[in-house]
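Read through the structure below, which is laid out as structure tokens, and then see the notes.
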């Protein structure tokens, strides 16, 4: 009896598990627990028979003085724990590294010329893994020095072949931060741990079943292969799981209303769905939505990574629609063209929410009335999950912007509040509607309405910050959102602001508006804690990331890009991290 192997865990495997758990804790969802638990179960169930065989045939052994004693199928409990902790650690590293990536946009329909290329890549991988299995089988048949290598390849090869065949598209298309990095980082770490363990004799490989080659001094080539293969299995398993989830949640025409914790059978159905059935327009819409958010709002782009998958997709599509609608109006050559765009969008919404019109009519109107670059944003709007009134109010907000052509429209703080409710409060309301769609709550209708109203107020607060930030930019396009009665009290006219938006009196009014923003924010922020738990942290990040702009404006220590105050990326990341860990 001894504690050498247990000490390996205490020193080298448990500390990374604690660190990774702490780092990922703010993001953990029920789905993540399900994914990790599912893979741990498979890892243990598939490894025990193989490892037991290695021990019973003398290929692998553990001196009695290094283990505590209890065994399962001849395997020391420390080794069984190793199966669990390795799978857990590698899975959490994968989850952390892949979190910023919106994976559904990496799905591919494999149509046209790309189809043959994808098939060749799939076949190349299959041939590679089949060759490894065949070589492993040959090593086992011949016995001797290649036995351990052969057993590794024959055991791991079929799993890798299966996972590759199911998820090769994701494995090849996703960034290396989602694929290679979560394989090689833990592999390199375990190579170092294994080197120390083999030198101390914590576990021993029989000399007649190994080649005697070393990757470096103290690390047997077979052990290096084992850790590379097992970490590849874990990451391939996570990728296959996420591939299935992406298919389930991206294509409602294939899977209507999938569960947030889908069964293994449903996951397999998703993986076996032919790529030719994927909807090109859906993937394009999501891809354009991600790029729009990345270009137009770095704060919300960072916050979007904290939202769970299906909700994240709908929020991206909602933002994309709002952004496109706003740009159509703002970029119009004159007021008549802008009014025409609003009329077309109103017609679009009437068609979408009409019970009598078929989808083909909606599609035709979009193709006839809107530029190709904007069509996917309209086609993919998650209208069935939203009530029509906030969208109609958003159009009223655009109409208020057009009224600037005739002169100032924001005469009092009440006018500014109404405007902000229409252009920002409405968006916040729709975000909350999407949250309650994906994560039903036990709250009654009245309580939900209170939360929606608070969301509307929070949208107003964010819009106040936006206006305070963009005083100079807005002046360049002939708009002043500061109330006229404020300007009068400060001894300024509307034209004074248009001509010189950086004068000292305006800086004072900016701070005054920010005070209003933070006052509204303080009254509304507690309602966030009544949202479903899956959305609380992400919504806090979205709000705090934007309110940080207000804090920087208050401090007057900010960078200016294109006439706007910006928050450095490092500070945005720190705000997001602090917010996620605050409650």
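The backbone N, Cα and C atoms fix where each Cβ goes, and this holds for glycine too.
Listed in Swiss-Prot:
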REGION    1-243  region 'Lycopene beta-cyclase'
TRANSMEM  3-23  transmembrane segment
TRANSMEM  35-55  transmembrane segment
TRANSMEM  75-97  transmembrane segment
TRANSMEM  120-140  transmembrane segment
TRANSMEM  151-171  transmembrane segment
TRANSMEM  173-193  transmembrane segment
TRANSMEM  221-241  transmembrane segment
REGION    250-583  region 'Phytoene synthase'
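Comparison of 35-55, 75-97, 173-193 by number of C-beta pairs under 8 angstroms to the transmembrane segment (3-23) places 75-97 first.
Taking every listed stretch (35-55, 75-97, 221-241) in turn, the largest tally of C-beta pairs under 8 A with the transmembrane segment (173-193) is reached by 221-241. Across the candidate stretches 35-55, 75-97, 221-241, the maximum count of CB pairs under 8 A to the transmembrane segment (151-171) is reached by 221-241.
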